[in-house]
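Asks: For 33-53, 77-98, 113-133, 178-198, 226-246, 288-308, 321-342, 349-369, the entry in Swiss-Prot reads transmembrane segment. Per Swiss-Prot, the feature heme b b562 binding site maps to H83, H182; the stated evidence is similarity to another entry. Look at Swiss-Prot and you will find H97, H196 tagged as heme b b566 binding site, backed by similarity to another entry. Annotation source Swiss-Prot lists ubiquinone binding site at H201.
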Amino acid sequence: MASLRKTHPLMKIANDMVVDLPTPSNISAWWNFGSLLGLCLVAQILTGLFLAMHYTSDIATAFSSVAHICRDVNYGWLIRNLHANGASFFFICLYLHIGRGLYYGSYLQKETWNIGVVLLLLVMATAFVGYVLPWGQMSFWGATVITNLLSAVPYVGNTLVQWVWGGFSVDHATLTRFFAFHFLLPFIVAAAVIVHLIFLHETGSNNPLGLNSDTDKIPFHPYFSYKDLIGFTVLLTTLTMLALFSPNYLGDPDNFTPANPLVTPAHIKPEWYFLFAYAILRSIPNKLGGVLALLASILRLMEVPLLHTSKKRKPYFSDPLTNFLFWTLIGRMWPSSPESEACLVEHPYVIIGQAASILYFSLFLVLMPAAGWLENKTLQ
């Protein structure tokens with residue numbers, strides 16, 4: 001008699017996607033981050049659901065309701081700390097997942113890659129509106145600055161800003177709709193994840209060698225399911241330790257102060273995981289130019305498959321020059337953003353941000369395609 005998981009209409013779908021999925025036998029730990037992102041999404045939805053039961057989206061009580069959760073709700077402090085720090089771990093896994101896709105040429109699976117970029121935008125939107133909800137000083141001013149960027153849109157900019165705000169400033173209407181978006185968007189992300197997986201399983205997973213692995217595949221369970229469990233254990237242990245011992249390490253001290261529209265913080269900045277994009281926004285003096293560059297810094301990921309000039313699937317892994325350029329990109333992403341953006345707008349941080357922004361776009365649009373073309377010429 002056939003197993004129920006192979007015959008039941010619903011269980012058969014889950015079985016083909018998780019249990020009996022043919023998987024390349026040589027995928028490394030870098031392929032764990034997809035499942036870790038799924039774990040982060042589930043953890044964020046669950047903790048967020050419990051927080052939403054006690055949170056009030058009213059500017060008069062939002063800040064005190066978060067304090068109430070931490071002080072009076074059973075394990076509310078733990079749930080809040082796991083949710084706040086879970087967002088950071090979500091983005092760590094997300095950026096590592098994207099980096100692996102770039103390094104090993106997974107972007108050539110165009111549908112999967114483009115849905116992944118849409119997922120990145122959705123997660124960034126979710127994190128942004130969620131950051132506003134505690135109604136702290138940096139939350140309020142961050143929302144004011146970022147939403148005000150819509151005023152750079154020609155002709156309809158001011159109307160757009162007032163439409164998003166629900167008035168003439170960031171106020172009660174803004175907080176209410178941001179809470180609604182923050183509750184809704186994770187479920188849209190979950191739906192997009194399913195589409196991402198459907199496209200991925202149409203073509204099959206990539207592997208470190210970039211070769212066709214149809215003749216060398218093994219079932220996902222038990223080989224890689226147990227491997228993923230190790231990743232789950234490491235992630236949950238690290239997240240729990242951070243939430244218990246240093247819960248405010250990745251936060252902003254200004255958010256311990258209730259939002260005050262009359263007092264502007266000395267330096268308005270977003271959470272650390274948005275700094276690379278904020279660095280590009282701030283490096284351009286013109287508002288419209290900065291907004292376009294900000295969007296381009298994310299959407300240029302969709303251009304990566306189109307700018308692939310190498311005859312190899314994964315030039316970053318196999319060619320010394322493109323490998324060097326890839327690690328230059330990683331070097332630009334990590335140290336230069338916090339260095340130039342966690343500081344005031346003054347010399348030399350402005351010029352560092354501008355140089356890093358030029359390097360960022362040059363790598364994707366010029367240097368990496370040129371290196372692939374040069375490699376093809378060398379191999380002829």
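Glycine residues also receive a Cβ, built from the backbone N, Cα and C atoms like all the rest.
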Asks: May I ask for the residues of the chain that lie six or more residues beyond the transmembrane segment (33-53) and have a Cβ under 8 Å from a Cβ within it?
Replies: 69, 76, 79-80, 82-83, 86-87, 89-90, 93-94, 96-97, 100, 130, 182-183, 186-187, 189-190, 193, 228, 231-232, 235-236, 239
Asks: Would you mind listing the long-range same-chain contacts of the transmembrane segment (226-246), meaning Cβ under 8 Å and 6+ residues beyond its ends?
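Replies: Distal contacts: 29, 32-33, 35-36, 39-40, 43, 78, 81-82, 85-86, 89, 93.
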Asks: Which residue, out of the binding-site residues H97, H182, H196, H201, shows the minimum number of other Cβ atoms inside 10 Å of its Cβ in this structure?
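Replies: Selected from the binding-site residues H97, H182, H196, H201 on minimum Cβ neighbours within 10 Å: H201.
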Asks: Closest of the binding-site residues to H97 (heme b b566 binding site), Cα to Cα, picking from H83, H182, H201?
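Replies: It is H201, whose Cα lies nearest.
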Asks: Looking only at C-alpha atoms, tell me how far H196 (heme b b566 binding site) is from H182 (heme b b562 binding site), rounded to the nearest Å.
Replies: 21
Asks: 10 Å Cβ neighbour count around H83 (heme b b562 binding site)?
Replies: 20
